Amino acid sequence: MELGRRRDLGSALGLAPAPAKPGQEPRPGAGAGAGAGAGAPGAVRARRFVLCLYLVGFLDLFGVSMVVPLLSLHVKSLGASPTVAGVVGSSYGILQLFSSAVVGCWSDVVGRRSSLLACILLSALGYLILGASTSVFLFALARVPVGIFKHTLSISRALLSDLVAEKERPLVIGRFNTASSVGFILGPMVGGYLTELDDGFYLTAFICFSVFILNAGLVWLFPWSEVKLNSTKHGLRLGKSHALLGKTDREVQEAATRRGTTVSGKPARLPWMEVVSTLRDMKSLIVSEMWDIFLVRLLMGVAVMLYYSNFVLALEERFGVRPKTTGYLISYSSALGALAGFTLGPILRLYKHNSHAVLLHSSVLTFTLLLLYSTAHTMGIVVFSSTLLSFSTAIGRTCITDLQLTVGGAQASGTLIGMGQSVTAVGRVIAPLLSGVAQEVSPCGPPSLGAALALVAIIVMSVSRPRCGGDGSDKLKSE
């Protein structure tokens, strides 16, 4: 039923056919031929919408990556001790840990447009304060709105999930990740150049603020009235009413603000009450149906973080490689990871759009490569393992997100993606601790421990395969 609601826009994107309903005239661009769909004004607008989201992802990480590498140097220049700098730096991850699921659920409740605009503008405010920070207090204050509201990419992925057919979702999200990764590659280059100028950090932070304002303007100009979104205030999938599904995002927001009653005739609840109620329902869903998916996400995330945690130091101690050369290798791997999004289409067709199987096999490859890197005796093996790891990890990240939405239901895509980000944030807290302990044993300790965690994730996926593998496994979405 959900796929049926998505077909109208999916056909406009050239992703899925949209047969006309009985007694209803065919929509422009929903004909039998792809050429007709490509020439219709609705198809052009829909494609432009998705392409604009790719641009939003690019600009977001482009702006952020200009500033992030310079934060430690700037806070040190403000007179912060290493301990204070560490506490301030960790505050972002802690805020992300607690805000990801809440903001994701909020986007399900109030609509993607309002939540996306609010997150971009409040994040821009954080970077503006950062550009004006002349003390450690202002620096720490600037990280608060960014830590709470910097969820542009998560909401954008949820919006893409609302727009496209289920089988095309991994491909579209993979391309979105590619666009974002390109921004993350280019940003540090621009930031590194700007920081060498007089007051370079402040200039870089102001440019980052300007990029976020540009992003907000782009989102504001999106043709929201021309597209149909599945995720609405009363369209959350946990037993809620689906009466508003099929309306445009603008119509949904107007309906959500009507005074007195909702579509079900019950008194309207405040948005924060709706968020709390949905999170409570999602908690029971995760415990009963999705615990293994989030566990796999945590294990694989920590495994990859352990690999990168001492990468520079390990290569210097094991092979005498200078940090500059290691930086080139990291940039090379990042570029390959960005290109991995273009390989998702053929891979998904080969696996008949079975995201669970793709995730399982990419995790097996990741485990093998981590083990190979841990035991490598030459730099050639290190380069080989890094090359393939960039592909396996990028594909795995996309597939685990798609699996969350497949099993949990795309009607609460913002909540589900937000919870996934919270799980990743937990990994960011755990990984440095595990890396420090493992590194006491050997420079190869962190990647070896990462390989062990990846093996546990593979076992969990193999055991849970009958429940969540295949195309017809989504019992929740069929209800």
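Every residue, even glycine, has its Cβ placed from backbone N, Cα and C.
TrEMBL does not curate its annotations; it predicts them automatically.
Pulled from TrEMBL:
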- 1-34: region 'Disordered' (REGION)
- 10-29: compositional bias 'Low complexity' (COMPBIAS)
- 49-71: transmembrane segment (TRANSMEM)
- 49-469: domain 'Major facilitator superfamily (MFS) profile' (DOMAIN)
- 83-104: transmembrane segment (TRANSMEM)
- 116-142: transmembrane segment (TRANSMEM)
- 172-194: transmembrane segment (TRANSMEM)
- 200-222: transmembrane segment (TRANSMEM)
- 290-309: transmembrane segment (TRANSMEM)
- 329-351: transmembrane segment (TRANSMEM)
- 358-384: transmembrane segment (TRANSMEM)
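The average pLDDT the prediction assigns to the domain 'Major facilitator superfamily (MFS) profile' (49-469) is 82.
Annotation: stretch 290-309 has the most Cβ pairs under 8 Å to the transmembrane segment (358-384), among 49-71, 116-142, 200-222, 290-309, 329-351. Within the chain carrying the transmembrane segment (116-142), a Cβ under 8 angstroms from the stretch's Cβ atoms is held by residues 60, 63, 67, 74-75, 78-80, 84, 88, 91, 103, 107, 148-152, 155-156, 159, 201-202, 204-206, 208-209, 212-213, 215-216, 219-220, all 6 or more beyond its ends. Same-chain residues lying 6+ beyond the ends of the transmembrane segment (290-309) with a Cβ under 8 Å from its Cβ atoms: 359, 363, 366-367, 370, 373, 389, 393, 396, 400, 403-404, 407-408, 419-420, 423-424, 426-428, 430-432, 434-435, 438, 446-447, 449-451, 453-454, 456-457, 460-461, 463-464, 468.
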